[in-house]
Amino acid sequence: MGRGACVPSAASGAGDRARQLGAVLGALCLFPALVLLAWPGTPANGAGARVAQGDAAPQTSGVLASGSLGPPHPPVPRRRRYTLTPARLRWEHFNLTYKILSFPRNLLSPSETRRGLAAAFRMWSDVSPFSFREVAPEQPSDLRIGFYPVNHTDCLVSPLHHCFDGPTGELAHAFFPPHGGIHFDDSEYWVLGRTRYSWKKGVWLTDLVHVAAHEIGHALGLMHSQHGRALMHLNATLRGWKALSQDELWGLHRLYGCLDRLFVCASWARRGFCDTRRRLMKRLCPSSCDFCYEFPFPTVAATPPPPRTKTKLVPEGRNVTFRCGQKILHKKGKVYWYKDQEPLEFSYPGYLALGEAHLSIIANAINEGTYTCVVRRRQRVLSTYSWRIRVRS
């Protein structure tokens, strides 16, 4: 992909601008399954190999202890995210095409790569109205897949699309609809089979099907799931869950609807049949849809913006950075960021870059809204700042 795939260009035409509006939304990353394989009696407190945490906490680094017989220790599980994107980004059609722009240089042949990706796509097409078809690289497609080195596409010039980090770090990232980009780190050792540590090669062998299925979920509009056994869980590779769970189905159906055979279940649920006609709903409505299920999104205490909110009218495509009072941070306060009262916990490449005391976004119609930073020390609010962003066409 050429430059500008993630960040709108001021010189783009009207058609490109509409496409780039969706392209600016971020990729989510999947990290390696650093499964602990310690021998009996081996201490479990050795330092792990470098694990990049590109969309979460600061990076950790270290080297394997000289006396250790186990591979790198697993990263500490991190906090969970919403299941759907903030703007509920989705595809407007179900017959999606994909093309493979480059293949891995380690271990897998092109034919094996195609077979692994096709298996990952089948995991989603078997439980959804989507169908996926590969097309030639020179043809237009909805999804574009590639195996890339550290410096790929526009990662060096884009503040919101990060580069890869080499082996045993970030495995892949995918962009929300309608961008369609799915990038795999070509420094990894991809295989068809379970993720495992190779003592002979001294590297991790990573299951392509597992990682690809996770990234396809992001490309369809799903974020990380809260369910511990979901394929879309933040640490799915670490935990080893490979099958799609009911949680992914509910997330997918919230975005695209669930096509029940009689096309009546949704209206029955609205009429109260979940309480008054439970047997009827159970007998005629697909259990995978579960129209009576209320998805348990995480909730946080509402944080209204301060009385004085700065309004900024920004040209479309401009990079906007908010800074949350450096002086107040010296009082050992912790910064919390919100958009329209929803918490922002992680950076999303191509969407926003989140630092301790600053937040950067690309101005576009979807990123319009009110951004608030709250500095707290324990339960006490030390300071608040708020900005309202409006895009000038």
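A Cβ is built for glycine as well, from the same backbone N, Cα and C atoms used for every other residue.
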*Pick from CYS274, CYS285, CYS292: which cysteine does Swiss-Prot list as forming a disulfide with CYS265?*
CYS285
*asked:* Check for me: which candidate out of CYS274, CYS289, CYS373 does Swiss-Prot give as the disulfide partner of CYS324?
replied: CYS373
*Counting other CB atoms within 10 A of each CB, which of the glycosylation sites ASN151, ASN319 comes out lowest?*
ASN151
*Using all protein chains in view, find how many other C-beta atoms are within 10 Å of the C-beta of GLU215 (active site).*
26
*Which of these recorded positions is closest to HIS224 (Zn(2+) binding site) if you go by CA atoms: ASN95, ASN235, CYS265, CYS274, CYS324?*
ASN235
*asked:* So among ASN151, ASN235, CYS285, all listed as recorded positions, which is physically nearest to HIS218 (Zn(2+) binding site)? Use the C-alpha atoms.
replied: ASN235
*About how far apart, in whole Å, are the alpha carbons (Cα) of CYS373 (disulfide bond) and ASN319 (N-linked glycosylation site)?*
18
